[in-house]
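Quick look at what Swiss-Prot lists:
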BINDING   Phe24, Ala58, Leu59, Glu60, Ala82, Val83, Ile84, Asn115  5-amino-6-(D-ribitylamino)uracil binding site
BINDING   Glu87, Thr88, Arg129  (2S)-2-hydroxy-3-oxobutyl phosphate binding site
ACT_SITE  His90  active site, proton donor
REGION    150-171  region 'Disordered'
COMPBIAS  154-171  compositional bias 'Acidic residues'
Amino acid sequence: MEIGQYQPNLEGDGLRIGIVQSRFNEPVCNGLADACVEELERLGVTGEDVLLVSVPGALEIPLALQKLAESGQFDALIALGAVIRGETYHFELVSNESGAGITRIGLDFNLPIANAVLTTENDEQAVARMTEKGRDAARVAVEMANLTMALDQLGDDEDEEEDEDDEEERA
């Protein structure tokens, strides 16, 4: 049996991307942002199609993502941050709540969000992961923006067929 299959599309030309970056653990977050923006450019996204905003910490990321999503100006969003374990329960709280908020915004607004909020045991792990995680976030955002647009067209095609059927029935 032959089945239809969508091939991943990493062409970023014309895509509008919003990035929300935490300033807490700033050196790691700057490394994430640098790698992410560099990869977006490599994928064909232009600087004029990227907006980067910063927030104090990971718990503030979902609200900024929500405001960007509400604007309707973006094809995908990217969350960048670093939560590094300390000696208190705060690590679990920040990790879980920021992750849940990021996911909720994406689902509520039907908008892809690449979650590149690192959660690591120590600074060394965060530094070791920041470059590849930043690049990966760019690739995820571009691929998922293209995928959601392609899937949205499936629904548009079905709507057009229904409209044509309705017109034929009236004739």
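Our numbering is plain: 1 for the first residue shown, then up by one each step along the chain.
Note: Cβ is positioned from N, Cα and C throughout, glycine not excepted.
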**Asked** Do you know offhand how many angstrom separate Phe24 (5-amino-6-(D-ribitylamino)uracil binding site) and Glu87 ((2S)-2-hydroxy-3-oxobutyl phosphate binding site) by C-alpha?
**Response** 17
**Complete:** Other C-beta atoms within 10 angstroms of the C-beta of Phe24 (5-amino-6-(D-ribitylamino)uracil binding site) total 17
**Asked** Going by C-alpha positions, which of the binding-site residues (Glu87, Thr88, Arg129) is nearest Asn115 (5-amino-6-(D-ribitylamino)uracil binding site)?
**Response** Arg129
**Complete:** Filtered by Cβ under 8 Å and at least 6 apart in sequence, the residues in the chain of Arg129 ((2S)-2-hydroxy-3-oxobutyl phosphate binding site) near it are Leu118, Thr120
**Request:** Using all protein chains in view, find how many other C-beta atoms are within 10 Å of the C-beta of Ala82 (5-amino-6-(D-ribitylamino)uracil binding site).
**Result:** 27
**Request:** Would you please pick out, from the binding-site residues Glu60, Glu87, the one with the fewest other Cβ atoms within 10 Å of its Cβ?
**Result:** Glu87
